[in-house]
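According to Swiss-Prot, the [4Fe-4S] cluster 1 binding site annotation covers Cys68, Cys73, Cys79, Ser308, on the basis of sequence analysis. Residues annotated as domain 'Radical SAM core' in Swiss-Prot, with sequence analysis given as evidence: 80-297. Positions annotated as [4Fe-4S] cluster 2 binding site by Swiss-Prot, on the basis of sequence analysis: Cys94, Cys98, Cys101.
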Amino acid sequence: MNRPERLQPGVKLRDADKVSRIPVKIVPSERDTMLRKPDWLRVKLPASNQRILEIKQALRKNGLHSVCEEASCPNLAECFNHGTATFMILGAICTRRCPFCDVAHGRPLKPDAEEPVKLAQTIRDMKLKYVVITSVDRDDLRDGGAQHFADCIREIRKLNPDIKIETLVPDFRGRIDAALDILSTEPPDVFNHNLETAPMHYRKARPGANYQWSLDLLKRFKERHPNVPTKSGLMMGLGETNDEIAQVLRDLRAHKVEMLTLGQYLQPSKFHLPVERYVPPAEFDELKALADELGFTHAACGPLVRSSYHADLQAQGKEVK
């Protein structure tokens, strides 16, 4: 049997090259079998791209990455035009191969020791008041990247004392306690970790992840920092039922999670998991009502909602759809 070719550091694998390395075989979608995108998912392009270009130039100048670009988020134009961005630290190559995600897979380079300072300076220059910091999975690092998160938060606050920081962290597989010890030295203002989907779909959608680990990460952080809101996000359209999603919401509340985002999965390419259905806005409204009933302090539920979409407004408890 042929072994997979050893990956070279810094080489990005995308699409077929990426998903060919997961345990569940994905048959590339043919155009005539792909579901037609409904009108409620049409995104209006901005009248001007000037602000988008300014933010992209600032990121390139400092060698930084935004998950908005790397994950092909449909809200990039809207968020960039509002002067907000979700920064992705620890490089743009992920050690996982989730077939719903458009971020590249491969062997990452060593963390950039200068990134925390460059990130803080960029945020200051962009005059941001609320930032989201996320990362790729770094299973190659002993702490999963936790120290780099803490370093970034510390440097950001040095130059931006009034800023609010939300972290969207990976699952720190096999090293939760060690990671939480480090993160506790520089806790964020909002702690976010996405469950992504219902547990029965993890094998196909989140190979290498574990539903209970993710719940435990959220709960253990909350036990250490009871005054910091915890948050999680889910996608719909991967074959789950509304009842399955409802149970995930109950599980999140049982693990003391207070904030929720729920949006529609969109297939990045024909080599990724197909969209099994487009969920109508009315069904998102029903799940929003359930989330409110269960006691979430804020639930953003709608087709175009993403974990970081208007995160500043979400943190203020304002309605986001």
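Backbone N, Cα and C atoms are what each Cβ position is placed from, and that goes for glycine too.
Feature map: Swiss-Prot annotations on the structure.
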residue	record	Cβ within 10 Å
Cys94	[4Fe-4S] cluster 2 binding site	25
Cys98	[4Fe-4S] cluster 2 binding site	23
Cys101	[4Fe-4S] cluster 2 binding site	23
Ser308	[4Fe-4S] cluster 1 binding site	28
Around the [4Fe-4S] cluster 2 site formed by Cys94, Cys98, Cys101, which additional residues qualify by having Cβ within 8 Å of the site's Cβ center?
Arg96, Arg97, Pro99, Phe100, Asp102, Val103, His105, Val136, Asp137
In Å, rounded, how far does the Cα of Cys98 ([4Fe-4S] cluster 2 binding site) sit from the Cα of Ser308 ([4Fe-4S] cluster 1 binding site)?
19
The domain 'Radical SAM core' (80-297) [mean pLDDT, rounded to integer]:
95
Give the distance between the Cα atoms of Ser308 ([4Fe-4S] cluster 1 binding site) and Cys101 ([4Fe-4S] cluster 2 binding site), rounded to the nearest whole Å.
15
In DSSP terms, helix, strand or coil for Ser308 ([4Fe-4S] cluster 1 binding site)?
coil
